[in-house]
Amino acid sequence: MATNYCDEFERNPTRNPRTGRTIKRGGPVFRALERECSDGAARVFPAAAVRGAAAARAASPRVAAASPCPEFARDPTRNPRTGRPIKRGGPVFRALERECADYGGASPRRVSPARAFPNRRVSPARRQSPAEAAEASPCPEFARDPTRNPRTGRTIKRGGPTYRALEAECADYGRLSPIRSPWSDWSSTGLSPFRSHMRKSPARRSPARRSPARRSLARYTEHLTSDSETEVDYDARNVIRSQVGPGGVCERFAADPTRNPVTGSPLSRNDPLYTDLMEICKGYPDTPLTKSLTGEGTDDDTCEAFCRDPTRNPVTGQKMRRNGIEYQMFAEECDCSGISRPSGVSRTSGTSGSSGSSASSRPPNSFEAPGASSRPPNSFEASGAARVPGTPSVSRGEPRWMSSISTRHNYDESNPMSVAFRLRHVKDIRKFLRTVRPGRSGFCATDKGGWLGSAAVSDNVIGQGSWGSVHMVKFRDFPEEFVVKEAVLMSVSEKHRYKPTVVWDEWAAGSVPDEVVVNNMVTEIAATGMTPFVPLTAGAGACDSCNPQLLEKAAKVTKCYLQAMEAADFSLDRVLPTMSPDQAASALAQILLGLQSLQTTLGIMHNDIKAHNILVKRVPPGGYWKVTDSFNGQVFYIPNEGYLCMLADYGVVRLVKPAVGMDTLYGTRNARFVPRDVGRWGKGAGTEYVVTPIRSKISVVVRGGRFVGVEPNKAVRYWKNTDTSKVGDVITTNNVFYMGYDIEPDMQVQLDDTNSFPVWESRGDVADCVRTFVGGKRASQPGFHRLFYKKTGSAWEKAAETVAKQNPLFSGFTLDGSGLKYIRAATACAYIFPGMAVPRPGEREIESFTM
């Protein structure tokens, strides 16, 4: 064969020099040409054809100049001979890697520096000095910018193969890799050492979650305990307390040990990260809280303060989550069985009502004006029936609402339409159920051979929902029927806190489901004369293994709880199609005023108002209920059209009032409303208030009702002079308040006063109340309200449609106060029903209430 063929084949080994056709590298034609041209002085691929022929390659300057190794070292993602992309770890990559094993440049191989080429022989001419090697190392550039490959300059994916190879190669550079380096700015890059990645478990060879936080914390611990000042030239505590959210890690962990101080996710006491944080932050700050966390004990004054107000940390004054780590710690160390809360003690401050509350005694970020917490608490706030720690059973004996009914001046059990008569009935139900023994699985309604099957004479399912069912039951030894609602324990925390109930309505400490607590509060609100438009409950019990009858869902055996309540004749969806306009008007007014009483006392966000969740009782028609709004002195006269409507189902509620102590979200407060006149009616409803918009500097990001982070407040809200005018010149911010975060408002906001500082999220509940009658989209849940009611075009229906068509972004932002009808249920009632300002002639008063 002519030499020119070999030269041509050497220049372009991808084509046959005789035919000009493309040939496959490694194929039969390629191998034949390789053998044919291997006898001459010109070698095609000495490193590929003759393995290890370094001397021959060095002897041929022309071939050495055409070596692919320099280009391969610069860019290992492309074949230096063809220019085509190659897969890292593929056959071509491995062939080039073997061919360039003796190349003196940086190798693209992904191996640890400690194990890279242990038996490699390096030519003396190619040996580098330590200074040259340090200068050629990619580690300094990788430490400065870990998002780029220092050899190619291309962007690399954090955690990808190239990144991990460089991380392994530079493991000893600066003692820490860039992702966990103390000089990396976590706040600017958005990264955190408290991130988890999936790794292979060496023992099981299966994906197992490991916590890089523990490794990084262990490294920081070495620096914290090091005696050498030359090895570490920075303060590692400042690294731990880097600006990730408001405050440092140790400050946030000391303030709330129940949550990860960086991510905000719940943190268990058994979590290894909790142990590491305790070890690192045990000396910072040096406060009684950290002393108690590290096991140095709790003094008597601290226990006394905790027993007086178990909703606040007695050391820091901040809110404590019920059954959280701090709560359990103080409950275990403090015996509160012999300590009773004195009269006039406020739950918000833990001080006596007679002694003024100073600004220094208030917990940080409470946003309350001085003296706001010194007022006497409402009965439902001070009761704490289901939240008093340190006792073996939190509901032993009679609930607090039983003692509340006897204190009312108009307490009359002889009138079947009075709340007192209804309370006496549920009291008898509770007393009877406490004598009934539980079944094998506890107080169950649907388990095999369950409690109801053996004790009840009749059991009829009258309603089904997504998470439970409602039964109308009749017991052998009780004269009347009543309702039992079986609900599934949904939240993980409730399942974790679950403990069986041996006696009806007698719960172990910390095991009461949230809905049971809310129902007890609602019953107490009715018992204290605030509203008759809510259902009354008679206690609850737990079930180990129920088989609930759910709506459109396959039932599984799980843990449940049962609640007993007074019987109703039907839900609103059954009777609404046959209601007259006067009956529907009375029903809507009852629901709105019942909602207002809950907004005032609990700061409730119901989130599930619909016709199916409104219970209706038949009552003899005639008379009226007198309801007084204590905020503006407005008096409503609700005519009795033969139906008593009760707002029920509190399974997904949120209670944003801090004094209640059941939520970390305190709601959106965008203005202060101060009444300057008695409440007005019709189109003038709400204009009796002086409106002062609120601005804040910090925005708390809440998605899905959960805290995400904080950022500068840039959420703009435009205010109008009236509800029908155009947008004015007043521009403010959207102000979301969250427990423990100071959003820096421009005025003192009393979060417990939901009348002066209404919760903007209440617009959804008001809209759902009205849309239940006039139709429309559900505000708090997916779907639409089915139009059961047959509209007639009456005046109140047109006013209700105005409220129902509110804009969720702009409605309510009016300087004259007319937009309050979208937020406050009582103002909406005054706008829709101006005729209820006076009673009907000749009608008698059934009962009076003040909300």
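Using the three backbone atoms N, Cα and C, a Cβ is placed for every residue, glycine included.
Over in Swiss-Prot, the protein carries these features:
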- 1-24: region 'Disordered' (REGION)
- 61-91: region 'Disordered' (REGION)
- 104-160: region 'Disordered' (REGION)
- 125-141: compositional bias 'Low complexity' (COMPBIAS)
- 190-216: region 'Disordered' (REGION)
- 196-216: compositional bias 'Basic residues' (COMPBIAS)
- 340-366: compositional bias 'Low complexity' (COMPBIAS)
- 340-400: region 'Disordered' (REGION)
- 456-851: domain 'Protein kinase' (DOMAIN)
- Ile462, Gly463, Gln464, Gly465, Ser466, Trp467, Gly468, Ser469, Val470, Lys485: ATP binding site (BINDING)
- Asp608: active site, proton acceptor (ACT_SITE)
- Item | Inter-residue C-alpha distance, Ile462 (ATP binding site) and Asp608 (active site, proton acceptor) (nearest angstrom) | 19
- Recorded ATP site residues Ile462, Gly463, Gln464, Gly465, Ser466, Trp467, Gly468, Ser469, Val470, Lys485, farthest C-alpha pair in Å: 15
- Please classify the secondary structure at Gln464 (ATP binding site) using three-state DSSP. strand
- Task: Please list residues from the chain of Val470 (ATP binding site) whose Cβ is under 8 angstroms from its Cβ, counting only those at least six apart in sequence.
- Result: Val461, Ile462, Gly463, Gln464, Val483, Val484, Lys485, Glu486
- Query: What are the DSSP helix, strand and coil residue counts for the region 'Disordered' (61-91)?
  - Reply: 12 helix, 2 strand, 17 coil
- Query: In Å, rounded, how far does the Cα of Asp608 (active site, proton acceptor) sit from the Cα of Gly468 (ATP binding site)?
  - Reply: 15
- Fewest other Cβ within 10 angstroms of its own Cβ, chosen from the binding-site residues Gln464, Ser466: Ser466
- Which residues, sitting 6 or more apart from Gly468 (ATP binding site) on the same chain, put a CB under 8 Å from its CB? Lys485, Glu486, Ala487, Val488, Pro548, Leu550, Cys560, Gly651
